[in-house]
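A short worksheet on the structure shown next.
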Amino acid sequence: MIDLSGQTALITGASGGIGGAIARQLHKLGSHVIISGSNEEKLKALGNDLKDNYTIKVCNLTNTEECSNLVAQIEKLDILVCNAGITKDTLAIRMKNEDFDQVIDINLKANFILNREAIKKMMTNRYGRIINITSIVGVSGNPGQANYCASKAGLIGMTKSLAYEVATRGITVNAVAPGFIKSDMTDKLNDEQKEAITRKIPKGTYGMPEDIANAVAFLASKQSSYITGQTLHVNGGMLMV
């Protein structure tokens, strides 16, 4: 059984559905969770659910100094889950430079800073687990998401590079790539749109945020000590790689 008692985990994007599920699961397994995001009210609501053994840290990931300080404020960090991300979808011929830059800055650059600062702390203890949340489209591509796909593909490459650099230091760096996961966004789709998507999924259903949380929990555990530089796809068979 996975036991994270005595460990501290930082989860970014914790105010969203997947981030909240990850925080709940790591908390359930005994970890002190530091829940971070830009929406303080949603973080407080999550904290009320957790009741204890949590800390709220509001952070604007577009500010590189705030990214660095977010990790610097933590005395001991065992687990980092980089889950925060944004989309600015449109066809490439209509995509503005700032739409591309904003997605790269938050989805890739901010996560690099968080990974780098976490590694500095983890190297001191010669132990750490880093899990970067990427996406199925970081491998498959998707029309109208050139910026988002580039950021998520970059996250996979970054994960592999960092895994090489710290493999002898007791630190693992892995990624989890969600497919279509039930969310507020998918709930707004009409029946025809939902059916079109589920037809592409061999399992025939959307995933749940808890499916991602379970994958993260395993990669955050000591049981995954011989796994690093990998991307765990959680997509119901929609993409088999």
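Cβ from N, Cα, C; glycine included.
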- NADP(+) site partner of Gly13, Ala14, Ser15, Gly16, Ser38, Lys57, Val58, Tyr148, Cys149, Ala150, Ser151, Lys152, Ile181 (as recorded in Swiss-Prot), chosen from Asn83, Asn115, Asn125: Asn83
- Task: Compute all pairwise C-alpha distances among Gly13, Ala14, Ser15, Gly16, Ser38, Lys57, Val58, Asn83, Tyr148, Cys149, Ala150, Ser151, Lys152, Ile181, the residues listed as binding NADP(+), and give the largest one in whole angstrom.
- Result: 28
- Query: At the Cα level, what's the spacing in Å between Gly13 (NADP(+) binding site) and Ser135 (substrate binding site), rounded?
  - Reply: 15
- Message: Within a 10 Å radius of its Cβ, which of these binding-site residues (Ser15, Ser38, Ser135) has the fewest neighbouring Cβ atoms?
- Response: Ser38
